[in-house]
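Here is the structure we will look at, set down as structure tokens.
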Amino acid sequence: MNVSSRPSPPERPESGHKGTFGRVLIIGGSLGMSGSISLAGAAALRSGAGLVYLGVPRSIVGIVAAFEPSYITVPLPDQESGVLSKSALPNLMDHAEGKDVIALGPGLTQSSETDEIVTAMYQSCSQPMVIDADGLNALARFPEQLSEHNGPRVLTPHPGEFARLTGQSIDSIQNDRQDVATRFAKEHDLTLVLKGPATIVTDGDQVYVNSTGNSGMGTGGTGDVLTGIVSALIGQKMPPFSAARFGVYLHGLAGDLAANELTEPALIASDLLRFLPAAWKQVI
Ligand SMILES: NC(=O)C1=CN([C@@H]2O[C@H](COP(=O)(O)OP(=O)(O)OC[C@H]3O[C@@H](n4cnc5c(N)ncnc54)[C@H](OP(=O)(O)O)[C@@H]3O)[C@@H](O)[C@H]2O)[C@@H](O)CC1
Ligand SMILES: Nc1ncnc2c1ncn2[C@@H]1O[C@H](COP(=O)(O)OP(=O)(O)O)[C@@H](O)[C@H]1O
Ligand SMILES: [Mg+2]
């Protein structure tokens, strides 16, 4: 069923407090890719989250913390390369307890140890999870496990990541975006956000094709911002499909407002953070 109405924002009760508006845990980052997780964390804050925790390798915690004082950083054991170590897993499982949503993947990079973290959390966490970037690359190495999850899952691939997940070529995906996305979501019982111009959001039954966004958003880090936005909305108790639909709309709207002011070529991912408040103003 195609859903074409303008997506609605989450409710925000007058009497709400930071506990009401969701505890969000985002896991990722590595030496050289501290920006991705920082952008995701700041975007979650700019999207209404009550408390945002960023689980990052110990070696980059100072860099991530310096980007934005309003989120909480959780330093985790890392390998010598500045990538999360699998010894972080018990710690991560403890931190996951009591969170309303967990996001996994921005800037995580790829290693056998991060693969173990991703597959274990994907399978066992009962909370909703948003999986992006290297979280998706890890899942792509174990496609038989994609349906083995213990809670709601939202996957946010760009066409390259979706090609890895499905084993199909980017061209064949792009020629048949809506059908491939819908079949995948249905088969694995999850919500899929297939990014790019006219991003598709589907839970296997409902399908939404987004109308906001522009080519200025084809610049590193804009997808990391989307991960933070969708995670924050799920943390505010929106069902996964509604959160993904509204999040994709809001993200593109922030991009359109930013491009209007700054031009498409000059747009960078952190501009989306600055234009999110103006985007919110148009939808609430
Ligand atoms: N500041 C930071 O710390 C940042 C860190 N980042 C982190 O970097 C890590 C790697 O992530 P990544 O997405 O850059 O690499 P990757 O998955 O190999 O994708 C490229 C492949 O996908 C394709 N492709 C993409 N879009 C497409 C489209 N619309 N339509 C069609 N094709 C498309 C593209 O195709 P091609 O270039 O060949 O045309 C290519 O094959 C990850 O951890 C991420 O979080 C980034 O977030 C940036 C900011
Ligand atoms: N031409 C475009 N029109 C609309 N949206 C775009 C366009 N190019 C990229 N985007 C959006 O920008 C984001 C890019 O995400 P992604 O490729 O994961 O970036 P990164 O990993 O660098 O953060 C997606 O939300 C995508 O839909
Ligand atoms: Mg990305």
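Glycine too: its Cβ is placed from the backbone N, Cα and C atoms.
Of the residues Gly167, Gly221, Gly223, Gly228, TrEMBL places Gly223 in the same AMP site as Lys195, Gly196, Pro197, Ala198, Thr199. Feature transmembrane segment, per TrEMBL, maps to range 20-45 of the set 20-45, 72-97, 124-149.
Non-local neighbourhood of Gly223 (AMP binding site): Pro106, Asp132, Ala133, Thr156, His158, Lys195, each in the same chain, at least six residues away, with C-beta under 8 Å from its C-beta. In this structure, the binding-site residues that sit close to ligand 2, with a C-beta under 6 angstroms from any of its atoms, are Lys195, chosen from Gly107, Lys195, Ala198.
Here the transmembrane segment (20-45) has long-range neighbours at 12-13, 51-57, 59-60, 63-64, 67-68, 70-71, 74, 81-84, 92, 95-96, 98-109, 117, 121, 133-135, 221, 224-229, 231-232, 234-237, 269-270, 272-273, 276, meaning same-chain residues at least 6 beyond its ends whose C-beta is under 8 angstroms from one of its own.
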